[in-house]
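K.L.:
Supplied in structure tokens, the structure appears directly below.
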Amino acid sequence: MSFEAWIIATGVLVGVSCGLIGTFLVLRSMAMLADAISHTVLLGIVGAFLVTGSLDGIYMFIGAAATGLLTAFLVQLLHSKGVQSDAAIGVVFTSLFAIGVILLSVYGANVHLDIEHSLMGEIAFVPWNTVTVFGVDIGPKAFWMLASVLVLNVVLISVCYKEFKIASFDPQMALALGIPVLLIHYVQMGMLSLTTVASFDSVGAVLVVAMLIVPPAAAHLLTDRLLYMLILSALIGGLSAVMGYFFATWLNVSISGAMAAMTGVCYASAFLFSPANGVITKKLRTLNMQKERAG
């Protein structure tokens, strides 16, 4: 595959992976927790490096997953003690992220690990960091990492679809049915953490938030059924990555930024033209009804 194809494929994997797990966050009104975890995993990455002295992917995954779960646990703990959800997210988010930034500034100055790279990413460099198996170059490391995370997300969603669905729409009913709502919550937070850290090398922590929130939000405007919402969210995320790449090459701007911008374009289109909820669609429907009454 060409460098261009690897970049597009990696971006599509980011969009699809984030779109799937982001759907449940949007349904549970936890979109800002995605923003928090996407930043606090920096502490897990730095911590993994300080403990192991290695930038190997598996250690990053473990550190990020642990920090993501810690973030979710602390937010849940503060909320259970009477702190408002948004305030709890703000306290945990800023505290853990600040600790990560300080540790990175103090101990990570001499390694290929910096704040700007962690936050912004650079998908154009993805094809240069490849994986070799039995002497054969099989492609970019980021691509295969994201592919593995996507497979894991799809498997977990498929196996736990009923539990995820009930817990997202009616947690009290889920508890009454014996579904471990808290366990489901932490499974989803683990999925979010892994998806976020896998996306660091491509779109970065800041821009991955757009992929986690905007495609599911757009899909929610287009359908009320969870299965269709998952499919549409994944499609919008993947389509945004493709459009963003060509838009970026056309204007010679940041590829990651263009991909995130395209999610906004997709959301605006759904907001205006959604068959059931679109602003313009509703206006046209109202005008047609007025004409029918007048006629």
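Here, residue 1 is simply the first one shown, and the rest follow in order.
Backbone N, Cα and C atoms are what each Cβ position is placed from, and that goes for glycine too.
So Swiss-Prot says this about it:
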type	residues	note
TRANSMEM	7-27	transmembrane segment
TRANSMEM	42-62	transmembrane segment
TRANSMEM	63-83	transmembrane segment
TRANSMEM	87-107	transmembrane segment
TRANSMEM	138-158	transmembrane segment
TRANSMEM	174-194	transmembrane segment
TRANSMEM	203-223	transmembrane segment
TRANSMEM	227-247	transmembrane segment
TRANSMEM	253-273	transmembrane segment
K.L.:
Given the cut-off of 8 Å on Cβ pairs that are 6 or more apart in sequence, determine whether the transmembrane segment (203-223) and the transmembrane segment (7-27) share at least 3 such pairs.
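P.N.:
Contact confirmed: at least 3 Cβ pairs fall under 8 Å.
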K.L.:
Need a quick answer: max count of Cβ pairs under 8 Å to the transmembrane segment (138-158), which of 7-27, 174-194, 253-273 is it?
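P.N.:
That would be 7-27.
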K.L.:
Under 8 Å, at least three CB pairs between the transmembrane segment (7-27) and the transmembrane segment (63-83) (pairs 6 or more apart)?
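P.N.:
In this chain the transmembrane segment (7-27) does not contact the transmembrane segment (63-83) - fewer than 3 Cβ pairs sit under 8 Å.
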K.L.:
Hey, which bits of the same chain come close to the transmembrane segment (63-83), Cβ under 8 Å, at least six residues off its ends?
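P.N.:
Same-chain contacts beyond the ends: 33, 36-37, 40-41, 43-49, 51, 89, 91-93, 96, 185-186, 189-190, 192-194, 196-197.
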K.L.:
What same-chain residues lie close to the transmembrane segment (174-194): Cβ under 8 Å, and 6 or more beyond its ends?
P.N.:
21, 24-25, 33-34, 37, 41, 44, 61, 64-65, 67-69, 71-73, 76, 149, 152-153, 156, 160, 163-164, 166-167, 212
